[in-house]
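Asks: Handing you this structure, nothing more for now.
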Amino acid sequence: MAAKFSFKFSILTIATFALLGIYFATVVDTGRDTYWHLAIGRRVFEEKAIPKIDTFTYGSPETLFTSTEWLSGLIMYAFVQTLGLNTGLLLLRIVIGLTAIYLLYLNLKLITSNEIITLAGISLVGFVLAIRLNDRPEIFSFVFVAFVNYVCFNFFTKQKLSRLTYFLPIVFFAWPNIHAFAPFGLAILAFWTSIFIFEKIYHQKKRGGFGIFFGLFIISVVLSALQNKKFLYPFLALNLKFEILEMSTLPERLMANNGFDFINQVPIEFYFYFLLLITYIMTFIVFLKKGFKNYSIGLICLFYLLLFLTPFRFYRLIPMATLMVLPVVIFQAKQTLLINVKIFGYLEKTAYATLAVMIIISIFSKNIIDQRIGAFVITDLSNPNPKNNIVDIINRSWNPYFPQNAPKIIKNHLTTRRLFTEGGLNDYFLWHIPEIKIFSDIMFEYRTQKDYKNEQIIASGASGWRELLKKYDIDTVVNHQDLPYLLAKTPVWELSNWQLVYVDEIATIYARDDVIKSIPVDLSVIQPELPTTLKFKQDNETKAIEQLGKLMAYEPKNAFAKSQLVAYYITKDLNRAKKLAEESRMIIPYDPIFSVQLAEIYANLNQCANATNYAKEAKRKSFDHIIIKGIANDAISRCQTTLE
């Protein structure tokens, strides 16, 4: 007979779930890969077929790939088509995240009746899970893993089937088409099935519905085997060498920056992971020393310990491993830790309160505390030693990563066919401009080392970039602007048949003459590539100021145009510079450029108190970016004061 659910919740439980929902909605940014999956979903919807060839790219001669995530792309596309891009992704993220947490909650309730421990547990997992909850197919695996875990734990503890168990074949039929973590789920299911068989044979333990459970397991295995190419796809990754931070081993991620600013650069999830791992190992040792009569429990604890070590191979597995293993950690701790009940009560309440505060702070700051998934390293190229040339690491940006104006400019003013841009932006343009092709996308399966090398040559303007530009018939280039990142650029401004079409604080758009339908604003004398503060030559001063003024009129929130005009007026008319900088700071409050420019202006006016305040503000807004900090300190030094 199937077990029934109980939907009784306390006010504290409801508040915790509500807090986690707000947390997921607030702190998670849409991932760069998301747009490729949306494009795949759109393609599946339009073609009514599972894609086998990557038709989005032109940078590789062979584009056959294994489509392991087409179904998740289709689901994401359906949400976006129905509710819009931002609302659709947001709602899907909240539903998926809270479903995974709810399944964990049910699992923990099987192990402990202590509400505070249960809520502290789901808060811990929720906090860590948000790091990987960025609108990608991986989020579906969180639900599936939590689902398989729960139905198996439920059958083990209650010795009768949950009604959810009947959905196992559906899960394993869909999973290889949604995300590549299906082997984790089948490994968990196979392990628990082995435990149930072991207990039935050696302990004559009877469980109501064992035959049904075993039958569902066999069906799940068969359905997975029938999709063996997709099911075994993640093992392909084990044989490939990635130069992608999130595919690093745990030790590689810890030393990714050669130890620079080590303590501050350790991702927050590592602290939780090692705390849980140490707790797990210590309680497991105590568990073994105490001896146990139930070998099944010992095997369960050992199996989940092995699962918890998987992040040493791919550190990105920390959130999912925490989701999988936390019930066993709590079970072991409950069995082995001999702590005074009163002291334990204080500890559990302190843990829950601490996690709640961390979540609330993250919500208000709109950023997960000490998140380090997007670390960007700035190096000193004059230092030939790669181990000692790091000068700063950027973990947060004041600008959006994606150039939101660029797709509109390209669609309205160009007839782009082949676009080249920095790797992380490719899929963004692919989604927004379906008719274009990009050099590469997130698919690594078919790419060769030569493909990667050619892309790097074009991106950095290294020897041979002109020939490759012609070979691939590239007609549009989008370069990232300098701040807060310092990325290499494709120097198409050197070519006579290319023009600067648009520029803002995030990106520059260059196009070949034959694909330009119109120019939104004449930028013929603006040169964003110049290493000087002013991005135009002195001979073109009058025309440049006129063009920047028109660009500002065309796009009133264009921080590039505004900051260039402020920088120009600082050398000509301080009062005019101050007025424009103050207006710009009000219109674009998150950008530290105007704060640091005001620090310069007030320093030049010898109003040191104001200069100091704006310098501090600039450093805070830029998250202590090395360049902004340098300009701010230089301005204050002219006032003969020391900035803390």
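Backbone N, Cα and C atoms are what each Cβ position is placed from, and that goes for glycine too.
Not my notes, these are from TrEMBL:
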type	residues	note
TRANSMEM	74-104	transmembrane segment
TRANSMEM	116-133	transmembrane segment
TRANSMEM	139-156	transmembrane segment
TRANSMEM	209-226	transmembrane segment
TRANSMEM	270-288	transmembrane segment
TRANSMEM	295-314	transmembrane segment
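Locate each feature and note its surroundings.
Replies: Residues 3, 72, 75, 93, 96-97, 99-101, 103-104, 106-107, 110-111, 129, 132-133, 162, 164-165, 167-168, 171, 175, 178-179, 181-182, 184-185, 188-189, 192, 195-196, 207, 209, 213, 300, 319-320, 323-324, 327 of the same chain lie 6+ residues outside the transmembrane segment (139-156) yet bring a C-beta within less than 8 angstroms of a C-beta in it.
Among residues of the same chain six or more beyond the transmembrane segment (270-288), those with a C-beta under 8 A of the stretch's C-beta atoms are 124, 127-128, 250, 254, 298, 301-302, 305, 308, 311, 315, 318, 321-322, 325-326, 328-329, 332-333, 335-337.
Under 8 Å from some Cβ of the transmembrane segment (295-314) lie the Cβ atoms of residues 156, 184, 187-188, 191, 195, 198-199, 238, 247-251, 273, 276-277, 280-281, 284, 287-288, 321, 324-325, 328, 331-332, all in the same chain and six or more residues away from its ends.
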Asks: List, by number or range, the same-chain residues at least 6 past the transmembrane segment (116-133) whose CB is under 8 A from its CB atoms?
Replies: 12-13, 16, 20, 23-24, 27-28, 93, 96-97, 100-101, 104-105, 108-109, 139, 142, 267-269, 272, 316, 318-320, 322-323, 326-327, 330, 345, 348-349, 351-352, 355-356, 358-359, 362, 368, 371, 373
